[in-house]
Amino acid sequence: MENGRAHTLTVLFILTCALGYVTLLEETPQDTAYNTKRGIVASILVFLCFGVTQAKDGPFSRPHPAYWRFWLCVSVVYELFLIFILFQTVQDGRKFMKYIDPHLGVPLPERDYGGNCLIYDPGNETDPFHNIWDKLDGFVPAHFFGWYLKTLMIRDWWMCMIISVMFEFLEYSLEHQLPNFSECWWDHWIMDVILCNGLGIYCGMKTLSWLSLKTYKWQGLWNIPTYKGKMKRIVFQFTPYSWVKFEWKPASSLRRWLAVCGIIFVFLLAELNTFYLKFVLWMPPEHYLVLLRLVFFVNVGGVAMREIYDFMDDPKFHKKLGQQAWLVAAITATEFLIVVKYDPYTLTLSLPFYITQCWILGIILVLTWTAWRFFIRDITLRYKEIRRQKQEHRHEKDKCLSNGDRHSALLEEPNGNRPRERKL
């Protein structure tokens, strides 16, 4: 490992020298914006090369530890970029996005997926199912593959379904802020929850089942005699080195229950940030930056979930929460702060009264169940156990007393009969 890092540091030194040599040979353009972009990109590349060699290894080792160190460094770069955007004015922040893509920085209309919610429209004789075809856009496969990968991260069917259903409730609650959240009822529950999300979760659970039953016995590539075996070994290099089944057990203790609730909250907030960020920074949904952000969270989210589970499941060995988990939490919080700063008016639009009542009722039910499960129930069980022990102790005492009286009666009976025997 040390030799490999030494070789990589040599490559880093050569890369830095090559970049400096190129800048000395070429004539520097008299374009400040171009030179700034080029300098920032070169600085990021050098930092990534350094981080890949020197950063701390995470819990994953396949396909290679350097791959996960790379995404850890990308997390640092992305967090620094978010901090930079956070400290700009709204106008300058949106204008800065033009340096990344000249087509950005222009206000975009939000698409409303609601409106006519008829599944079968008899008024349209040419295509009565036009409402369904209109909703079948590129986000349908994105929903499926997104939830397939999220299932591989969370590794729990109940948690995935709760997050999926909760996000649909959030869309209902926040459609007065973002028109993009306005959808038909069948788009929410049939297309999203059942078909796209549900099918993605089902396929993800089947993949998890296959990975848990797979035999993890690795052999060196050059020790495999056949070409078919070598190709199979190369493909399996992209599968886990070993398998850990996640058993969250949220009701086992108050600590695990609060941790699971926190995980669900961060997941939902990261999902909402996707829509609010593109709304406040004027990015179209199909822009490549939106896709790159999702690819980024797919890679760092899996590592973060493993670090959280290790910290919860074995706190004696994992005394501190992993570095990637902290970075994901910081990135999610910074994205939310950008949304709050760039468009506080949208976020402060008051919820409809019936929505507020539903959320208050839901929060009260969750708090009531938490208090009953981890406080009232424990006190009740402890009281019943003490009462049972007292009853058993009393029963044993009465039994001892009854046995003692009978024994004394038997002892006194011969003494009482002796005078009678003498008289006889």
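Using the three backbone atoms N, Cα and C, a Cβ is placed for every residue, glycine included.
Annotated compositional bias 'Basic and acidic residues' per TrEMBL: 394-410, in sequence order. Here TrEMBL flags 394-424 as region 'Disordered'. As annotated by TrEMBL, transmembrane segment applies to 6-25, 37-55, 67-87, 157-174, 186-205, 257-276, 288-305, 325-342, 354-375.
Here the transmembrane segment (67-87) sits apart from the transmembrane segment (157-174); fewer than 3 CB pairs are under 8 Å, leaving out pairs fewer than 6 apart in sequence.
Among 37-55, 186-205, 257-276, 354-375, 257-276 has the largest number of CB pairs under 8 A with the transmembrane segment (325-342). Contact check: the transmembrane segment (257-276) against the transmembrane segment (157-174) gives at least three Cβ pairs closer than 8 Å, residues 6 or more apart, which meets the contact criterion. The transmembrane segment (186-205) makes contact with the transmembrane segment (157-174), as judged by at least three Cβ pairs under 8 Å among residues 6 or more apart in sequence.
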